[in-house]
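Enquirer: Residues or ranges marked as active site in Swiss-Prot (evidence: sequence analysis): 13, 138. Annotated ATP binding site per Swiss-Prot: 96, 97, 98, 99, 100, 101, 102, 103, 104, 105, 106, in sequence order, evidence recorded as sequence analysis.
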């Protein structure tokens, strides 16, 4: 049965740890990181059109239509598949831009998977992930939809099964420039690689944290406040800060104390993304 319209979630991710092993000749950094999803994110609605036009109806401040990763993902998939159909796209955006929780990458992956379904292309996960990698290093993990240990620039993925606590995520009102952090001379770039799987507990360090905390007082403040209740971590290069709790009630309790002065949300960690659970339910 063909569908005309489809609404899919576009979940956030956390980097439970992030180690920087060195800088490559192409300027990118060799990383090791552990990705986990949150049952929290944007919602994207797709509606088929038969004239081949790709149109995103939701405007993003400061982002031209054709520069949006959602539009880029749709156009690349259309070009490479030879599909003659078009798509109308709307997004209910709640994930912050530049927060380190994968908003743009997740949107691109949801677009690839949603259009593969609506356009009935029959592309497998490997092919979609390879296309996703041309859009951004974090897109493949969202395409594959499973918590993973990532290496290289983040594209070599091994499934992992970390605990799935409740998280309180704080969102400092500042956008961190990833390029700025990775070019900081004080950034640690020589962490020894982790060679055992699963990733041993206790490897929860983010090598970007000292640099981000030094440059951005808003992030430093969030880390200090959350750190009074649980281990406070940085996801990606920030700006979002998070901590795990054994129950929703405990996360909610701390959230009530901290969100008087800080923006934040409580969400369940998940090793299978809510996007993939939704797609499975459509089969």
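Each position is counted from 1, following the chain as shown.
Just so you know, glycine gets a Cβ as well, placed from its N, Cα and C.
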Enquirer: When DSSP is mapped onto helix/strand/coil, what comes out for residue 13 (active site)?
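Expert: Assignment for residue 13 (active site) reads strand.
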Enquirer: If you measure residue 102 (ATP binding site) to residue 13 (active site) at Cα, how many Å is it?
Expert: 6
Enquirer: Just to confirm: which same-chain residues, 6+ apart in sequence, have a Cβ under 8 Å from the Cβ of residue 100 (ATP binding site)?
Expert: 15, 176, 234, 235, 236, 237, 238, 239, 240
Enquirer: Within its own chain, what residues at least 6 apart in sequence put their Cβ under 8 Å from the Cβ of residue 96 (ATP binding site), listed in sequence order?
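Expert: Once residues fewer than 6 apart are set aside, residue 96 (ATP binding site) is near 103, 171, 175, 239, 240.
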Enquirer: At the level of the C-alpha atoms, what whole-angstrom distance separates residue 104 (ATP binding site) and residue 138 (active site)?
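Expert: Answer for this pair: 9 Å between alpha carbons.
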Enquirer: Measuring CB to CB from residue 106 (ATP binding site), give everything in the same chain under 8 Å that is also at least six residues away in sequence.
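Expert: Long-range Cβ contacts: 10, 11, 12, 13, 41, 42, 95, 142, 275.
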Enquirer: Rounded to a whole number, how many Å is the Cα of residue 98 (ATP binding site) away from the Cα of residue 138 (active site)?
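Expert: Pair distance, Cα basis, whole Å: 13 Å.
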Enquirer: Highest Cβ count within 10 Å among the binding-site residues 98, 102, 104: which residue is it?
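Expert: When each Cβ's neighbours within 10 Å are tallied, 102 tops the list.
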